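Per TrEMBL, region 'Disordered' is recorded for 1-21. Taken from TrEMBL, the feature GTP binding site applies to 29-36, 54-56, 71-74, ASP103. The active site, GMP-histidine intermediate feature in TrEMBL is assigned to HIS70.
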Amino acid sequence: MDFHPTPAPEESSVPDETRAAPRLTLVLGGARSGKSAYAEGLVSARAGPWLYVATAQGWDDEMRERIALHRARRPPPWETVDAPRDLAGAIRRAPPGRPVLVDCLTLWLTNAMLDEEADLAAEVAALLAACAAAPGPLVLVSNEVGFGIVPENALARRFRDEAGRLHQRLGALADRVVLVVAGLPMTIKGETQ
């Protein structure tokens, strides 16, 4: 498989609006890899307003600070919708044609796995269906957690496995898949931006 470095959006020209944007882009990377900033650049290169679907929950001070920093990075015309659990519904309710950024799938997966009443298989199926029928360009951000060591506890191993399976299914569905490492995006599938 050939990996093609993809210039960061701020380093490339704004895409020609006459060229169709990929319908679905999956952006993967490790913690603090630059994947969120890269994905925001992909979305904001399109005509706004833009919809940001946030899956994080501010359970503690550190997480609330992270959420605040992410929000500050997105001034108007970004609109933020919080969807820590009903991610499929948030995607389905997006206004037709509006570019949507979901950040991030692994937080959504964590929320679903920790909900004892959730039917994870049904929720993943609903998410895949919503992504396939998205009413506009959709960019999904997720943490690639499969590169590390085998987790020591069963829940962490299950999370790693569920995230890997989700990424495989979304990668098959996506028009473009980008891996961001050290702030450098590499296109794994589809055309470079």
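Backbone N, Cα and C define each Cβ position, glycine as well.
The number of other CB atoms found within 10 A of the CB of ALA54 (GTP binding site), across every protein chain shown, is 21.
Distance noted between the C-alpha atoms of LYS35 (GTP binding site) and the residue listed as 'active site, GMP-histidine intermediate' is 12 Å. Annotation for ARG74 (GTP binding site): same-chain Cβ neighbours under 8 Å, separated by at least 6 residues, are GLU40, TYR52, THR80.
Within the same chain, residues at least 6 positions away in sequence whose Cβ sits under 8 Å from that of GLY29 (GTP binding site) are LYS35, TYR38, ASN143, GLU144, LEU179, VAL180, VAL181. Reduced to three states, the DSSP call for ALA72 (GTP binding site) is helix. Across the structure, HIS70 (active site, GMP-histidine intermediate) and ALA56 (GTP binding site) are spaced 11 Å apart at their Cα atoms. Listed binding-site residues: ALA31, ALA56. The one with the lowest count of other Cβ atoms within 10 Å of its Cβ is ALA31. Same-chain residues at least 6 positions away in sequence with a Cβ under 8 Å from that of SER33 (GTP binding site) are, in sequence order, VAL180, VAL181, ALA182, GLY183.
Minimal Cβ crowding within 10 Å, among the recorded positions LYS35, HIS70, is found at HIS70. Annotation note: ALA54 (GTP binding site) sits in a strand segment as assigned by DSSP.
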